[in-house]
Structures are given as structure tokens and as C-alpha cells.
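Participant: After the C-alpha cells below, expect a handful of questions from me.
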């Protein structure tokens with residue numbers, strides 16, 4: 001309404017004008033005083049229009065009635081995001097519906113209920129979500145090609161390296177999760193770990209790092225007879241781990257998961273390392289033999305060329321007259 005005038009200024013001026021009951025809300029002079037206050041307010045606002053540092057124009061509207069506008073800007077950096085599959089699209093669509101129908105259940109239960117609905121759906125009902133995912137994937141491939149065309153070879157190599165690191169991290173997380181599901185025993189604790197778990201609550205410091213540092217300092221300052229208690233507990237825990245891991249590995253062999261046994265994995269690593277060494281040795285020997293063979297052939301060709309004269313030299317020697325003997 002009023003260009004280049006702030007909302008706060010208009011609101012404060014208007015509130016000051018209406019907080020004067022003798023001038024604005026007198027029964028006899030209310031219309032006149034309100035009109036003069038409005039005119040003076042407009043005059044002041046228009047005077048701000050010609051100042052050197054104008055404020056931004058905004059309107060006095062309740063923020064709840066304003067719909068925020070999302071500006072469509074292109075991605076300045078980073079590759080395009082992979083689109084969602086059909087199931088995830090269905091989850092995003094049904095999540096607010098199920099949450100409103102069941103406000104007392106947790107988010108995990110909401111997702112489980114939606115997953116059960118998805119399993120009960122027919123292929124014809126799933127078709128719109130899957131078709132939208134296919135179309136989005138086509139557009140994603142086009143955008144990815146455009147993005148990769150703008151990158152240099154070094155950037156492409158860096159992206160490939162980061163992708164391999166992410167895949168290795170995911171593989172390690174999946175393996176750890178699988179071992180937890182299979183019930184692999186926890187590693188034996190060290191004496192310091194046992195001491196830290198017992199005294200962590202009363203440790204000095206506000207952050208975790210500060211507490212760990214204070215516990216480490218206290219551990220170093222302990223006497224040998226005080227540490228002996230925790231050393232004995234660590235030895236007992238080591239015996240516990242050996243017994244549990246032995247029974248667990250026997251169970252893994254029974255169910256056909258020999259690849260998780262420590263001896264099997266170590267032997268596999270040793271075998272692969274031995275095979276690599278053997279291949280390297282054979283390759284080095286073959287290269288050495290080849291170089292010796294070519295060197296000997298070169299030497300033989302040089303000696304034969306020096307020992308045997310050429311055919312043209314023989315003809316010249318025959319045709320040349322012999323010198324008379326004196």
C-alpha cells in the first residue's frame with residue numbers, strides 16, 4: 001500500500017495514534033482526530049518515499065494468510081538427485097493421511113501400515129506410481145548426462161572415487177548389521193574401557209570429549225594395584241569372548257556360513273595374497289626371459305654380421321686382380 005516504508009514503522013505509528021484516547025476516541029472528536037492521524041501518517045510515509053535510504057515496501061498482512069512462494073532455481077552445484085521409486089511415492093502420498101487417521105501411533109508404525117497397504121494393492125493400483133517413477137528416471141538420466149558433460153576428467157575421477165568409498169562404507173554397515181542379526185559376540189573390552197564405563201557419569205567436563213580426556217588422565221594417574229582390578233576384569237572378559245566366539249563359529253559352520261569364520265576368512269586372505277605374489281613372480285620371470293632372449297638374438301646377429309662378409313664383398317674380391325709377387 002505504502003511504497004518504501006517498513007511494516008514496523010507503520011504499525012508503531014498506527015498503534016501510537018490509536019493509544020491516545022483523548023484525541024482519537026473521544027465521542028465528539030473521534031472522526032476528526034482519526035482522519036487527521038491518518039493524513040499525518042500518510043504524509044510521513046510519503047516523505048519516506050523521497051529519502052536517500054528507502055526501506056523495502058511491504059504490506060501489513062497477517063503472516064498466516066500469506067502463502068510462501070517457492071522460487072524455481074536451477075541447481076548450481078552437485079549432481080541431480082535420483083528419483084523415488086513407486087513405493088516411496090506411495091509412502092509420501094499416504095503418510096499424512098495415515099498420520100491424521102491414527103495420531104496416537106508412532107512414525108515407524110505409520111510406515112509399517114503403509115507398507116502393508118502397498119503389499120495388498122493390485123498391480124493396476126501400483127501402476128500410476130511406478131509409471132511416474134519410470135518417467136522421472138528417464139528425466140534423471142538426461143539431466144545426469146548434461147551434468148557429467150560439464151565436468152572435467154579430474155572431477156569425474158573424483159566422483160568415481162567418492163562413489164567407491166560410499167559403496168564400501170555401505171557394504172561395511174550392511175555386514176556389521178548382518179553380524180548383529182546373527183548374534184556375533186561383542187569384542188572383549190580393555191581395562192581402560194571397563195574403567196571408563198564405570199566412571200563416565202561422574203567424570204569432569206561438559207562434553208563427551210572433555211569427559212574422555214579427564215578419564216584418560218585419571219587412568220594414567222592410577223597406581224598399579226588400582227589398575228590390577230580392571231586388568232583382571234579384562235582377562236575374564238577375554239575368556240568370555242573366546243568361549244562365545246568359538247560356539248558362534250561352530251553354529252555358523254552348521255548353518256553353512258563358513259565365510260564368517262575367522263580361520264576361513266584369514267585363509268582366504270592368505271590364499272589371495274599368495275596367488276597375487278605368484279602371478280607377480282611369474283610375470284617378472286617371463287619379462288626377464290623375454291629381455292634375455294632379445295638381447296642374445298641381438299648379440300648373435302652382430303657377431304654373424306662381423307664374421308661373414310656380405311655377397312657383394314665376395315664378388316668384388318673375386319673380380320679384383322691379384323697383385324704380382326715380387
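Here the Cβ of each residue, glycine as well, is placed from N, Cα and C on the backbone.
This is the feature table in TrEMBL:
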- 80-148: domain 'HMG box' (DOMAIN)
- 80-148: DNA-binding region (DNA_BIND)
- 185-249: domain 'HMG box' (DOMAIN)
- 185-249: DNA-binding region (DNA_BIND)
- 264-326: region 'Disordered' (REGION)
- 267-288: compositional bias 'Basic residues' (COMPBIAS)
- 289-298: compositional bias 'Low complexity' (COMPBIAS)
- 316-326: compositional bias 'Basic and acidic residues' (COMPBIAS)
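Could you give the neighbours, burial and distances for every feature on this list?
Facilitator: Across the domain 'HMG box' (80-148), the prediction's mean pLDDT works out to 93.
Mapped onto DSSP classes, the domain 'HMG box' (185-249) shows 49 helix, 0 strand, 16 coil.
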